[in-house]
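The structure under discussion appears below in the form of structure tokens.
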């Protein structure tokens, strides 16, 4: 019995490390870091060549884009619009709004820009029409509220805006939709209207920036990280010694990487919108990419929705295609989890999920999108997903150990430069 008590206990972590699949394929961190430095240098040189615009491509007259406007410019534009409507009413013609169409038929993917833009088709929204009278009233009310924000120089959330007139708006989706219409009509970004979304995204890692004058060090924000400010115009002085930006779809994967301080082993900035990308996170990601000249690598679920989320960051959403120039981040590389990884990394069958009919339909629809067709690697991976009818979440890697993501999977991906 005495001998048994004195027997040295085996360290469970040592045992786990020995049985981690593909761990033996990892090279030293110094070799992986050199690979990242080469990627970073390549990204910096690409960023120095400049960005194409609609005017460069001769599309400025057939497509529309909005711009950042000052509060005084927004206020002046609203007043000019209302004066024109007043003259129309006084002349006995009633009034109507000319609203740019944001329907799918009025969207255009421009391969040279690698993003979706809005074409120039518009429709009338007359007040003296039963089908559009209510929406015209909502549009007028939104314009009035935006004018108030301009004169007072304050910010409100979309939820605040909705609660100013619940009976008229009825549902926040309606006031949100008209708010986007108003941005198109005035030719300005939504942030120029001083209407912001609630905080959702977070960032952690090798980044220092000023938030409304306060300097924030994202290496000292704990495991939860720093909430991404909703007012991008108050963010500045970005500084970083990171080699890349890691864009993560899920909050769970973000927490794992933050707790393991992955950004110290491989200098990076980790950011997530905790699912569907919000405007603030998209603006913040683009600002980091533009100012820091860093490559962006994306870690999303191996399912059609993961790829859709990636495409929103990279090519823009159809709902806000009018502001794609400000909301999209070019050249995001798809690091994982990819359909081919399921077999490559021997993901257990019980961790693979069967795709639903809706999943398969979404996957096939994505294969018809121009921004997917442009990238043969994406097409190959999506075809594999639809063929095998299997999907997997990032957390499937936890079947090999809770830290497999940060200890083996991501380092090996970076070492092999395995991104699309």
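Using N, Cα and C of the backbone, Cβ positions are placed for all residues, glycine too.
What TrEMBL says about this one:
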ACT_SITE  163  active site, O-(5'-phospho-DNA)-tyrosine intermediate
ACT_SITE  163  active site, nucleophile
BINDING   249, 301  Mg(2+) binding site
DOMAIN    134-195  domain 'Spo11/DNA topoisomerase VI subunit A N-terminal'
DOMAIN    199-235  domain 'Type II DNA topoisomerase VI subunit A all-beta'
DOMAIN    244-414  domain 'Topoisomerase 6 subunit A/Spo11 TOPRIM'
REGION    1-21  region 'Disordered'
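Sequence features annotated in TrEMBL and their locations in the structure.
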residue : record                                                : CB count, 10 Å
163     : active site, O-(5'-phospho-DNA)-tyrosine intermediate : 12
249     : Mg(2+) binding site                                   : 25
301     : Mg(2+) binding site                                   : 22
Mean per-residue pLDDT computed across the domain 'Topoisomerase 6 subunit A/Spo11 TOPRIM' (244-414): 95
Distance, residue 163 (active site, O-(5'-phospho-DNA)-tyrosine intermediate) to residue 249 (Mg(2+) binding site) (CA atoms, angstrom): 31
Cα separation, residue 301 (Mg(2+) binding site) to residue 163 (active site, O-(5'-phospho-DNA)-tyrosine intermediate) (Å, whole number): 36
Helix, strand and coil residues within the domain 'Type II DNA topoisomerase VI subunit A all-beta' (199-235) as assigned by DSSP: 3 helix, 15 strand, 19 coil
